[in-house]
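First comes the structure, then the notes that go with it.
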C-alpha cells in the first residue's frame, strides 16, 4: 500500500514540475480583458435576465464567462442600457463558473431558444468552435469579443487595437521618463497573445519615436508575472537589482502595475522609476494617490459590450459594417476595421485612470 | 580522524539537511557569481521575506507527512480563511488588536481541518483522496457561497504587512528593502511546532503513527486522536499563513494562491520529509522552502531566460526530491538499526 502511494506521489510530483511549464499554455486564449476581469473577480452580479419591452424585434443574447465576476456585473449594466436605448430584447447569461464546457451548454440553450444573435466572450475559442458553428448553421449571427482567433463568427469587436494600445502605453511612459532611459516590459506569460501584442507594440513605438530610450537586453526585456501580484512585485525587485539604471516598466496584466508600484515604493525609488500599463482602479488607488503611479489604463466593459450588441443589431438591421460606424458608446464612435481580416473590428475604448478621475469612471473594480 | 568525529561526519552525511544546505550554498554562490547581487543586505532581506509564507505552509505539510498522511486542501483552507477574515475586517472596519484576525482565520482553519480530520479518522479513508475532495469543497465555498472576489487588504492587515523590523540598504545601489515583522509569525510557528514535535507525547505520537500506525496503537498511542489533531493543526497554520500573506501582499488575492499546494509539498519532500511518514525535520522543511524561494526569486539574477524559467524550477524539483528520496532509501537499506530491522521484518 505504502509503495503504491509512494509511486502515485512520485508521479504527482513530476506532474507538478511539468504542470508548472504547461499551465501557461492553457491560458493562451487571447483574452484582452480576461486577465483584468479574472483578477478583479466577483461581486454578486445582478441576475442576467433583464429584457426591456421589445420593439426592434430582435432577440440578442450576451454570453459572459461567469455570473459572479464584478467585470460581468458591469457588462450586464451595458446590456441593460442597450435594451433600454434600443428597445431590443437583450439579456446576459453565463455559466456558473469560468468553464468552457459549461459555456458551450449555455450557447446550446440559446440555439434552442432561437435568438437572432449571440454576442459572446468565449472562454476558450477552440472549445466553443463547434457550438458556435452550429449556431451559425441555425441562422444565428455570432459576435465575439476578446477572441480574434475564433473561426465561427460574423464579427469580432475588440475594445481597442493592440498596436494603438501599446503605443499609448509607451507614449505615457516616455513622457514620464523624459523620453530617455532603460525600460522593460512585463506580461502574465510569454504565451499570452494579447499581453505580448501590447508589449510588442509598445516596443515598436519606442523604436520609432523615442531613440534615447532603450529596452533591456536579451530575454529580460520581457518578464513574466504569472498573472500574480506577488510575483510581479518580486520580479520587479529582481529587475531593479540586476539593472541599476532601469527607469521604466510597462505592465500588461492587471497584476503587473500594482506589483511593480509596491516594489518601487519599497526600494525607495518612487519618482526615479516609472511605470504604466493596464490597471484596475481598486488595485492602484493607493499608488495613484501616493504619486508612484501617474496613470494606468483600462476599458469600461459596459461600453465595450454595449458597442458589441449595437454592432450585432446594426448587422441584423442590414447595415454594412464599415470603418467609422458609430456604435453609440464612449470610445466606440468610430469603428476601425482590421487591415488583414475584415471580420475583426476595433474601438478605442481604453481610458487613462489618474488620481483625479478615479472616482468618476462609472466603474470601480 | 578519530572514531568519534568520523561517526559524527557519517551522521552528518546521512542527513538530508546537509545535502540541501550544500545545494543552497552552491546556488547562492552561483547567483553571486552571475549577478554580484546575492549577498547584498537588501537581497537577503527580500529572500527571507518571500520565504515566510511558504515556510509556514511547509511546516504544516511536514506535520501531516510525519503522521503518514498528506493534505492537499491546506491552500484552499488558507484561501477561505484569509478571504473571510479579510472581508470581516473590511466590513467592520476593525482596528483593534492584530491578534483578532489571526484568531478568526486560525479558527476557520481549524474548523476546515476538523472536517478533514473527521472524515479521515472516522472512516479511515486515504488522506489524499479525502483532502483532494475537501479542497474542491473549500474552493467551491469560496466561489459559490461567498462569491469571492479579489479584494485589497483591510487596514489592519495592511498595517501588519507594512510594519517592519528594520530596513536593509544596499550601500552601492542605494536600494532598500524592509524586513517585515511577520518574520516573528514564522519564528513563532517554528518554535511551537519544534516543541510540539520534540518534547510532547503528542509530537512523538505523530512520528510513531507515521512510522507504523499498528505499532503506535500497540504502544498505547491513540491514533485517531493524533490524526484528528494533525489535520486541525494544519488548518490552523493554513489560516495563519493566509492572513500573513494577505498582509504582506496588501491584497487578499486567492486565485494566485490556489494551485501552489504541490510546490509546497515538493519543497517539504525536498527538505527530507518522507512521503510515507515518520521521517522529517523542521530544519529540513525550512531549508527546502528557502531553497525553492531562493531559486524562484533569483531566476532573473542568474540570467535564466524567461522562456526557460519554469523548466528550470521544474527540473530543480525533480532532481532535488530525487536526491532526497534516494538518500532516504539508501539510508533505509544500509543503516537500519537493529530494532528498526526487527520492526521491518515483523511487518
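Including glycine, each Cβ sits where the backbone N, Cα and C put it.
Between the stretches B:160-178, B:179-197, TrEMBL puts its transmembrane segment entry on B:179-197. Proximity of the transmembrane segment (B:310-328) to the transmembrane segment (B:52-84) is not established, fewer than 3 Cβ-Cβ distances being under 8 Å for residue pairs spaced 6 or more apart. Most Cβ pairs within less than 8 Å of the transmembrane segment (B:12-31), among stretches B:52-84, B:96-118, B:125-146, B:179-197, B:254-273, belong to B:254-273. Below 8 A, the CB atoms of the transmembrane segment (B:228-248) and the transmembrane segment (B:52-84) form 3+ pairs separated by six or more positions in the chain.
Of the candidate ranges B:52-84, B:96-118, B:125-146, B:254-273, B:52-84 has the most C-beta pairs within less than 8 angstroms of the transmembrane segment (B:179-197).
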